[in-house]
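As annotated by TrEMBL, region 'Disordered' applies to 1-20. Marked as compositional bias 'Polar residues' by TrEMBL: 1-10. The transmembrane segment annotation in TrEMBL covers 78-98, 104-122, 134-153, 165-185, 197-223, 235-255, 313-331, 362-383, 395-413, 663-680, 692-713.
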Amino acid sequence: MSTHNSVASSNRRRDSQQSWTGSEIFRSQSPNDVVVQNNSQVKLSGKAWGRIKKFLLCKTDFPSSIYYIVGNEFCERFSYYGMKAILILYLTRVLMLGDDTATAVFHSFSMLCYFTPLFGAMLADGWLGKYRTILYVSVIYCIGNLIVSMTSLPPLGAGEIPGPMIGLFLIALGTGGIKPCVSAFGGDQFTSDQSKLLQSFFSVFYFAINAGSLLSMLITPVLRGDVKCYGDDCYPLAFGVPAALMLMAITLFWFGRNKYKRVPQTDNILLRVTKAVSYALKKKITSKGERKAHWMDWASDRYDAQLIEDIKALFKVLFMFLPLPVFWTLFDQQGSRWVLQAGQMDGDAGFLGTMKPDQMQAFNPLFIIILIPLFETVIYPLLRRPKPLKRMCAGMFLATVAFIFAGFLQMKIQSEEFIKNAPSEGQANLQVINSLDCPASLSIGNKNITVTPYGHSSELNLPVTKNVSTRIQTSSKCYNMSRPVEDSLSLEDKEWYNLIISEYKNQLRTHLVKQNVSSPPPGKAKLCTVLLPSLADSEMFDIFLDETKIQEKVDAWGATNCVVKTSDQYKLTVKGEKTKTTYVSSKISLKNGGIYTAVIEPNKLGKGGNVTLYKDLEARNVSMLYQIPQYFVITSGEIMFSITGLEFAYSQAPASTKSCLQAAWLMTVAFGNLIVVIEAESRLITNQTTEFFFFAGMLFVVMVGFAVMAKFYRYVESPSGDPVAVPVDSIDDKTGIVDLDELSRI
């Protein structure tokens, strides 16, 4: 998107009745407009970053009210994106909703967030004004955040559905209600001779949006996963911090109350257009026989000719909006299906640490910041600056490719997922675990095997009988236990077992333990423990993971129930139940999807112990980093589709109908989310790979149709040098962040 050199030049071309300080959310032109001019080529200047530095050092000439507005925006965006980043995992892992139901709830929430700006704008224009709308609706927003945070506390009923649903509804009302108001209110603080300061404000304002969203997507998942509350992921803290930021946003905004310039409400153009269209349709339906050249001409007896002509031009552009929701259908699944996909993967990122599945979304705003300058300075010039509709087609194509990538990645995940199939009728599976520091040779039934020190065998398939004979022998160097030990095993049909070999008082011992092989939920691991005898074998023991007691009053040779824990690093500790003496303390790593048996063996001298972790089921081993290509591609598509779409709309429709374009653009996002809700709740597609390919195919078909529409579209050519005004509240954070260098060229 290329821009004009001066906001003031835009002002000169405005209708003489419009003014800088009289801007309203739904007016034909306003001072909070980013002015776009086609066919100008300007190099990136880097001025925007200098403006941001001056702002952070409080060295600007901004009205003092701007600091409160920008601070409010940063906190609000942190709150919204922080809460939304972890939402899908909360729905599936705490509220225990199925993936489809959770996806439907997530996108219903997103849909409501893009419907409610219409009501927020009408409220500000027709009744409260922008200041009171922002303040009052933010209180509703904050209450919603507090409800979501408090209802995630186990003592207050975590896992119950009604509380979080009420909270999400209030958040959607809040974020949507203030969405069209804040940037417009910031523009109201400047006068007509402060165009350069207005440029700086836009740069700083969108930096605040970027900083808030990017930081929250990185930090909130860490608060969720790395801090433990009640022995599990700390959702109360992860939701509580966004709630605190929203409270801070309200406080900052309220502190500036005596410094704001408040512009009186004016006529709501969106309402006028709606009334004119309704009147024309009513007249057309009720009139008999008479014909008009265009159905809007039926309103000519009540509305002025210019408004009617503007509405006709508006509908020409809105017709091109019809296919657009499908792009958002795919794009918004980054926060739902793609996070759930990441939850089935391995987050190990080497020296970078462990990635959380909900952190992967941060690649979108990160790539936005990197790619917008690249597209403007390299990609578009190489493509000879294609027409907007062609760029939008390219954006749709890239989103299609991203979902094809997601589909193939899902195929890889499913192909490498380890699932233990039940033994056949009359059979049982047995794995031998050797807890000795020397090899052990075994004869089990008609099978002979050797198990390495602290190792385990492959699974043996054995016939089910009441007595399966076993013979175990070690070398003479192994605790002087060279004499073989014979025993018999009783196995049940279609079961899995661990046979544990150990030593006690210089004698070989065996212990048969049933495996629990049902797969843990995504993001979780299952841990079973077996406690071998110690010098204090008359005492009962408690077993802890970090500070959480997972088993109590376990005796020697005790095989405990398995516990499901979030995949993470833990410290496993064994303490005497009465004496509180620590017998064992060891760090273990539980990976996503794995099932483990921890064999706990106290030291022979009673000075500590040893924990050996054995895998009953392999953890998921497809790296989350494989998602990076699909994030890169869909972000590239977003740049070509979203920002270009706004440029197209505002260059082709009359300035007086700008607010209607804003409303229509928000509706494309809302209806895109509605498509996901319908598909998820219908459950017509049960395989996730198939669903990814289905959405890719859907957008490809829509893209072809859109390309045909674009082929026959006739562009409205603006007079040379005539700029196109794009309101900043429509270049929403939904498009990623508007390029700060672009804004520096205004």
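For all residues, glycine too, the Cβ spot is worked out from N, Cα and C.
Residues 105-106, 109, 141, 145, 148, 152, 158-159, 161, 164, 168, 171, 175, 212-213, 215-217, 219-221, 224, 233, 235, 238-239, 241-243, 245-246, 249, 335-336, 339-340, 343, 357-359, 361, 521-524 of the same chain lie 6 or more positions beyond the ends of the transmembrane segment (78-98) yet place their CB under 8 Å from a CB of it. Of the recorded ranges 134-153, 165-185, 235-255, the transmembrane segment (197-223) has the largest number of C-beta contacts under 8 angstroms with 235-255. Below 8 A, the CB atoms of the transmembrane segment (134-153) and the transmembrane segment (235-255) form 3+ pairs separated by six or more positions in the chain. Spatially, the transmembrane segment (692-713) is not adjacent to the transmembrane segment (235-255); fewer than three Cβ-Cβ distances between them are under 8 Å for residues at least 6 apart in sequence. When Cβ-Cβ distances below 8 Å are used as the criterion, the transmembrane segment (235-255) is approached by residues 68-69, 71-76, 78-80, 82-83, 86, 90, 94, 134-135, 138-139, 141-142, 145-146, 148-150, 152-153, 158, 216, 219-221, 223-224, 227, 229 of the same chain, each at least six residues removed from its ends.
Most Cβ pairs under 8 Å with the transmembrane segment (313-331) belong to 663-680, among the candidate stretches 104-122, 165-185, 663-680. If you look at the transmembrane segment (165-185) against the transmembrane segment (104-122), you find at least three C-beta pairs under 8 angstroms, all six or more positions apart, and that counts as contact. Through the fold, the transmembrane segment (104-122) approaches residues 25-26, 87-88, 91, 97, 133, 137, 165, 168-169, 171-173, 175-181, 268, 270-271, 332, 335-336, 659, 663, 666-667, 669-671, 673-674, 676-677, 680-681, 734 of its own chain, all at least 6 residues removed from its boundaries and within a Cβ separation under 8 Å.
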